[in-house]
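Asker: My structure is below; once you've seen it, I'll send some questions.
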């Protein structure tokens with residue numbers, strides 16, 4: 001997170017229209033606990049998913065964010081490369097958002113901020129959740145990777161013997177935060193007790 005300004009680290013958190021909003025909530029909680037300044041952008045598709053799934057709602061996410069931006073605001077601070085951040089994550093990252101990132105199509109703030117993150121060579125993490133993955137989606141993952149993004153699946157491990165949904169979410173959260181050099185407190189790593 002070397003490109004972040006002095007003071008607390010700063011990350012952009014995009015939430016797009018794939019199922020998996022609880023991952024975004026867990027990551028925002030962890031980032032708040034680590035005193036990371038978060039700039040939240042939630043797509044209209046994500047808002048529809050929240051309504052349909054009945055899990056975490058927009059107010060739950062915005063309560064944990066430092067700053068909330070409208071996805072239609074292409075003049076927001078995070079739309080400019082001169083606004084320094086330590087990177088961006090999109091969780092969940094829908095197939096449509098993945099395609100936009102992979103091909104440089106920036107028609108909303110999430111895709112514009114992702115484009116800026118790539119052009120400034122800052123870490124960009126895309127957490128995809130959709131299954132199965134058709135060939136175009138796999139090609140878009142490769143294109144996003146080749147452009148500089150890290151593509152991760154929202155797939156928890158089980159070697160830490162999770163006993164709750166929170167522990168499953170926490171596994172993915174910890175792996176995402178690893179990409180930014182941040183440690184999720186309480187995360188049990190593979191064979192860590194043997195080191």
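Positions of Cβ are set from backbone N, Cα and C atoms, glycine also.
From Swiss-Prot, here are the annotated features:
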type    : residues                            : note
BINDING : 17, 18, 19, 43, 94, 95, 96, 97, 129 : FMN binding site
BINDING : 159, 175                            : dimethylallyl phosphate binding site
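Help me picture these features in the structure, burial and contacts included.
Answerer: Taken residue by residue with DSSP, residue 96 (FMN binding site) is part of a helix. A simple way to gauge crowding: the CB of residue 96 (FMN binding site) has 17 other CB atoms within 10 angstroms, across all the protein chains here.
Sequence-distant neighbours of residue 159 (dimethylallyl phosphate binding site) (same chain, six or more apart, CB under 8 Å from its CB) are 190, listed in sequence order. DSSP gives residue 159 (dimethylallyl phosphate binding site) a coil state; it is part of no helix or strand.
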Asker: Output the one of 19, 94 that, of all these binding-site residues, has the highest number of other Cβ atoms within 10 Å of its Cβ.
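Answerer: In terms of Cβ crowding, the pick is 94.
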Asker: Given the binding-site residues 94, 96, 129, state which is nearest to residue 175 (dimethylallyl phosphate binding site) when distance is taken between Cα atoms.
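Answerer: Of all the candidates listed, 129 is nearest in space.
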